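Q: This is the structure, below, for whatever I ask next.
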Amino acid sequence: MLLSTLHTPRTLSRLSLTRHSHSYTSRASLTDQTPTLTTSPPPHSEILSTRQTLLSRHASAVDLALSRLARLRLTEPRLRAFLHLPDDDTLLSQARRLDALIAAGDDPGPLAGVLVGVKDNICTKDMPSTGGSRVLAGYRPPFDATAVKRVRELGAIVVGKTNMDEFGMGSTTEASAFQVTANPWDESRVPGGSSGGSAAAVSARQCVVSLGSDTGGSVRQPASFCGVVGLKPTYGRVSRFGLMAYASSLDTIGCFGSSVADTGILLHAIAGHDRFDATSSKQDVPDFQSQFVSVSSLESKPLKGLRVGLIRETIDKGVDAGVISAIRAAAMHFEELGCSVNEVSLPSFSLGLPAYYILAVSESSSNLSRYDGIRYGNQVYADELDSLYGGSRAEGFGSEVKMRILMGTYALSAGYYDAYYKRAQQVRTIIRNSFKEALSQNDILISPAAPSVAYKIGEKKNDPLAMYAGDIMTVNVNLAGLPALVLPCGFVEDGPAGLPVGLQMIGAAFNEGELLRVGHIFEQTLENCRFVPPIVADGDIAF
C-alpha cells in the first residue's frame, strides 16, 4: 500500500549551504596521500569546510579552535554536556602543530582541526575516562581506544569527554554519577542517553562531531532527541578496543554529526579491522564520501527504484501522534524522491525489548564484576576481603547499575538460565531472521528512532519500565547486529522552538554506504526544516 494514498504531501522549501571538499578512496589514502580538492563538494559538511579553510589559509587551526572553544565555554554551564575538558593551552598546542604542518607544506590529515567529543566510556590516555561512574572517578587509562587513536592520527583534536548514563545504562543521562545534561532544544528536557552528552555537544555546536556507543539505541535515541545525525554501524565494523564493556555482543561505537556527510566521514576514519579486537570485521571499508552527491547534480527522482519498508509495528499504539505524523511525512518525501514505500510487518518486533534486557543485563553482570576495588575501580578501606569487595561496589555503583547487575545475575543463576537467557538468545535468532527476510524484499527499513520526542528531566526517572519501553524502536537493530542511521526529519510543536523527530533507517549488514547515500539525499532535499537549536545564535552556525 503506497503511503501517498493515505496522506497529502507537505509543501516544503529547500535550505542549501555551500561547502568545499577533498576526495579519498581508502584508509591508506587518508594517511599516505595528499587528498585532491574538488570544485563540486558535498554540502553540509563542517569537516570538509574546516579542511578547506585551513588549506586555503583563510583561517588557522588556532583561530578555528578558539572560535569553537568560545562557544563551548559560553554554553557548557547551561548544558553540562562534558565531564572533562582539558585546559585551553593543551588544545591550542595541538592546533599549533597542525598550523606548523600546513606552513611546511605537509598534509595535516583529513580531520585536521576538527574538534571531536568522546563519550566517557571510550578510553583516552590524556584525559579521565570514568564511564560516568564514581567507581572509576579519576581513572586515566594508559592508552587510547582504537577509534580515538585513529581520529587523532588523521588530525582531529579531542576536545573533551562527554557525559553519559553510568556505564551506558540509561536513556536520559540522569543516571550519570556526576551531572545531568540538558537538551539544547529545551534545557528543561533530557538529551536522551546513554550518549546524551555527545549528542547535545554536537547539537549545540560545541564540537564538530563526536563519538558515542550504542548497545540498545544509545546513539540513535539521543540523535533523535537532539536533532542531529547518529549512526550505529554494523557490529564489527568499528573496533571496540578501549570501549568499556557493557554488553559485549551488543556494544558498538557510533558517530554523531550535524550532517550525514560529517557522520560518514567520521565513520570512515574509525572503521576497519583491528588486531586488538577479535570481533572486528575484516570487511573492506568503502569510500563513504563517494556517496555524497550535491543536490544540484541530482535527477528529479534521485532515489528511483529504491524499495523502502516502513515497519508497521513502529507507528502503532504507544507512539506519540506527532512522531507518527513526522515519520509518515518522511515516508511521503521518500516517494517524492522516487522510492516505492510500503508498510511491512515484523511480528517479532515486540519480542525484542524483553529479550534485549535479559541479554544486556546478563552480560553486564559479568562484565562489571571486574570493578571490585582490587582489579579495577576505586577501593574502600575494609578489614575483610568480602567487605572490601562489597563496600567498593556499593559506594562506586549507582542504583541503576546495581539493579541491572542483580537482574543479570538472577537471569544467569542455576535453574533460571534456560528460562531466561537461553530463551532470549532464541528470540534473538528469530529477530535476526525476520530482519533478513524483510531486507531481502526492501533495500532499507524505516521507523521512528524513539516513540516520543525529548521529555522533561525527571519525568521518567522513577518509572524505569516506562524508560525501558522507550528503547522499543532501537534494540532490535542491536540484537540483529545491523547498521542504522538516524537523521532529523521534522518537528513536534513543543518547547521554545519545537522538538525534533528522528527518522531511523536500517540497512543490511555492512551496508552503511547505502544508508549514508540515501540519508544524504533525504537531508539535502528535506525542506522547511532547519535543525539548529535555540541555544545556537543565528549567524554563528558555521565557521
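Note that Cβ sites are derived from N, Cα and C of the backbone, with glycine treated the same way.
What TrEMBL records for this protein is below:
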type     : residues : note
REGION   : 23-44    : region 'Disordered'
COMPBIAS : 24-33    : compositional bias 'Polar residues'
DOMAIN   : 68-516   : domain 'Amidase'
ACT_SITE : K119     : active site, charge relay system
ACT_SITE : S194     : active site, charge relay system
ACT_SITE : S218     : active site, acyl-ester intermediate
Q: K119 (active site, charge relay system) has how many other Cβ neighbours within 10 Å of its own Cβ?
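A: Looking across every protein chain shown, the total is 33.
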Q: Report, in whole Å, the straight Cα-to-Cα distance of S194 (active site, charge relay system) from S218 (active site, acyl-ester intermediate).
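A: S218 (active site, acyl-ester intermediate) to S194 (active site, charge relay system), Cα-Cα distance: 5 Å.
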Q: Between K119 (active site, charge relay system) and S194 (active site, charge relay system), how many Å separate their Cα atoms?
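A: Distance (Cα to Cα, whole Å): 9 Å.
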Q: CB neighbours of the residue listed as 'active site, acyl-ester intermediate' within 10 A?
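A: Other Cβ atoms within 10 Å of the residue listed as 'active site, acyl-ester intermediate': 35.
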Q: Name, in the order they occur in the sequence, the residues of the same chain whose CB lies under 8 A from the CB of S194 (active site, charge relay system) and which sit 6 or more residues away.
A: G132, M164, D165, G168, M169, G170, S171, T173, A175, S213, T215, S218, P222
